[in-house]
């Protein structure tokens, strides 16, 4: 057995020695920084709406939009982090740099929540004379939040990939360890989230936000030091370049030749002769406009000292074109999963706002409103356990298959999200009835907060199905060389889901508010609004989206990913005609 890893190097650039690099120790160091990232991001997000409303005196709808925009930006910036890691920095430097950025952001948030000058004077935000935060105060808060979002995006794009880099896929023992690492990765992410919504939220409400956010800053700083201590133990893999660039190269080449006619025989299209037949992707008839990128014309090849190579912005191989087609075929499924994350956004915004108006005491202990999301995390863990231990074995006996397909899991997640929104609407109707009977200005309504458990549970169970289904779908149905890109595509569904939530809240707020007295569905004080109608609207959108998803899932024909060509092969394995 070889003592070195063929496609990895150590910190000096020499072939990575298996006995001195990689394995569980460095993977654990990488895992540690992701746990702290989850602790910080979720600890801030799930309880931010109460700070914006209670301390900064913002309206409920504005508070919700700030939270969803913050989370949406965090996931959207994963694309930027992935591009920088693949094209310039590499995963190790990307993690280190963006972890420092997040530390800076949490440090600034600690300062912003501690200085009286950076928040308005205390008052009841529902009073007419209550003064909301001014532009300068909100500007400092935004700067802190979006530094955290930038750090989160960079970390998320590289942590899981750098963790798997520590294991050799060609070694059966290390390959098994890598599978185990993925299981532990998801478990520890959930553990970090669970700690955030319980311990960290409690510290924010009962001890002080300065202490909670200070814990986030110090924890990340310590995690960075520990991460850097493993520098000599890590394995580093050379990137083949950003898949985003490869996709644009095909699109640009196709646009350049848009007026040309396709040859009658697909065999006349360009294919690199250095690409082994076994790993080529056969030509398909879908999205034929992209085939024009593979038409050979004069000037497509650039002459060098001893050979010629195609200009990738003018000519693409059939395999490269087919890879882009494979990504394009994912888009209908991608689009129909976005609405789930719009539903999810309500769990950390309006649901927390609901909880803050309800009876939350158990004996002498008061449950923080943000900690209600513990039922959400619990639903995820319970659903995953039931699926692994009960559903999968029964399904295998009945159907002879190891479990639901990725498209079936996505469908189940979408259905559960609709049920969750219906449960949320019914719970809100009950809460509003109580508010009307005792007085809408009552700060704590005589109704138990546990009435909200069904909505947290159904949406949480839905996430367990849709998250694993989406991740499996995008990874297995994309070209091997575009796994990072496909993961980024998956994360953009979360991002757009949050942004759509912000858009819907703004539109509903504007269209349903007739005057200062009739504040519409999303009133500044939710006891005067009709949040239940907003939830019913989301449920209706979910039903419509599910019908569209079924059509898209029926249209989609799963394709075996083993035919996909690795980008590393295209980048590093060219023959004389392609590389000088």
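Here, residue 1 is simply the first one shown, and the rest follow in order.
In case you wondered, yes, glycine gets a Cβ from its N, Cα and C as well.
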Q) To which of the residue ranges 165-184, 185-204, 245-264 does TrEMBL assign the term transmembrane segment? A) 185-204
Q. Looking at the ranges 50-69, 210-229, 270-289, which is given as transmembrane segment in TrEMBL?
A. 210-229
Q. Quick one: which of 447-467, 510-530 does TrEMBL have down as transmembrane segment?
A. 447-467
Q: Using a Cβ-Cβ cut-off of under 8 Å, list the residues of the same chain that are 6+ residues beyond the ends of the transmembrane segment (447-467) and lie near it.
A: 337, 340, 343-344, 347, 351, 354-355, 358-360, 367, 369, 372-373, 375-380, 382-384, 387, 404, 409-410, 412-417, 419-421, 423-424, 427, 430-431, 434
**Q.** the transmembrane segment (330-347) vs the transmembrane segment (185-204): 3 or more CB pairs under 8 Å
**A.** no
**Q.** Leading contact stretch, 70-89, 135-155, 488-508, 533-552 vs the transmembrane segment (407-427) - CB distance under 8 Å
**A.** 533-552
(Q) Six or more residues beyond either end and a Cβ under 8 Å away: which residues meet both conditions relative to the transmembrane segment (488-508)? (A) 61, 64-65, 68-69, 71-76, 78-79, 82, 156-157, 327, 330, 334, 337-346, 349, 470-471, 474, 478, 520-522, 534, 537-538
